[in-house]
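I have placed the structure first, in the form of structure tokens, so that the comments after it can refer back to it.
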């Protein structure tokens, strides 16, 4: 996962990351069907949809297009797998953890294949897919594998002749809807804790990027998870996504995506069976650079924080607040970084920025860039598409940005860095919190008092101090306000996938 300076830590026993392998340029896509009950199925409608390589705009393949009847079939399989007495329910907790470890082993074995598929489907650099996405996926499966036999209740002292204790039980059938920006990693964030706790899953990958989810399904079958435990239905939001969100036999849903769609998911969940909902939504994240900060570190982290993954991150540092004493120097260095950022073929090991995911996202970003120009921000570099490069956008930096500009208010989800100026801490706290979002924030300062004050005052689910995008499977992640609710990762994620049952037993006499 990303470290303080945008590099990657690997966690290998010798501390050395594996060498970057060559991508598999002519990789055959083997898995394109719906995965239910450990078998591959054609859609009941007979429809298919195409998935495209954003880098070349060429069609990769066609994938079976699921719909409500396919979701119903998947839920039926998941329910059967969760029934008392089923192979999955009879499996002890230690064995569940071993299956997750074995799944991580197979992901490690096929890491180059999965990274290649991710790069083909998303356009993200192979370097990042291999060292960030796949590394995080493997670590997430291993982390929750370790938790499987450690989920336990408590004995509760009472003032009566009873024994009182709690049981933490799996919820049942869990729905999951994953985004296109980190397809496999976000799948792992949802699948690993759900399986760790003993649930079954019906998952919809984003229609733009279904290929790694379907490949993972083949590994789930190879490992030996019982039929029906994991079911994957590719398709579109208004059909498959809506069917999962509103299904009366799905007991919990986890969604990562836009705030607008998150509202629809919550509404559908409420109208159906009041299923439990975890939402990880958008962000307009402040990155605060104080005058006493290590400017080299702050510039690099802010750069990686907004341009990583083509800017297509809910955690993007999309509002950089810089104290006025160092504002000019920060802008100058940021422009230098942006101009040097390698943009191009995502399979080239030197590339750090690939294309945007699709034409819709590409057009939205360019429209917001134009709004920045019209509203008076100073365009320092970039500001347009790459010539003759399809969906590629030049790394863009704006200075003299004010809070009322659209680029300072709206989630751009692209390679655009708006830099704002502030005078003092109280001012920047108020401005940073003046948003409907509250996903992440970052602070750069050498002063511990400032760091702690800002960490407490910022209305965000995560605050990074002198680092950015520092994710760990052990650390909970989620948002305040309209950035969502619930937590993924860490011990906190287990509560999202378990029900707490209180058991009280009457005794003849009080135990001492």
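From the backbone N, Cα and C atoms, a Cβ is placed for every residue, glycine too.
In Swiss-Prot, the NAD(+) site is described by 204, 207, 257, 258, 259, 260, 261, 262, 361, and among 411, 426, 427 the residue recorded at this site is 411. Taking Swiss-Prot as the reference, the stretch among 1-22, 23-44 described by the feature region 'Disordered' is residues 1-22. Annotation note: residue 257 (NAD(+) binding site) sits in a coil segment as assigned by DSSP. Minimal Cβ crowding within 10 Å, among the recorded positions 181, 259, 361, is found at 259. Sorted by the number of other CB atoms within 10 A, the recorded positions 261, 314 start with 261, the lowest. Listed in sequence order, the recorded positions near residue 181 (site 'Transition state stabilizer') (C-alpha within 10 Å of its C-alpha) are 257, 314, out of 257, 280, 314.
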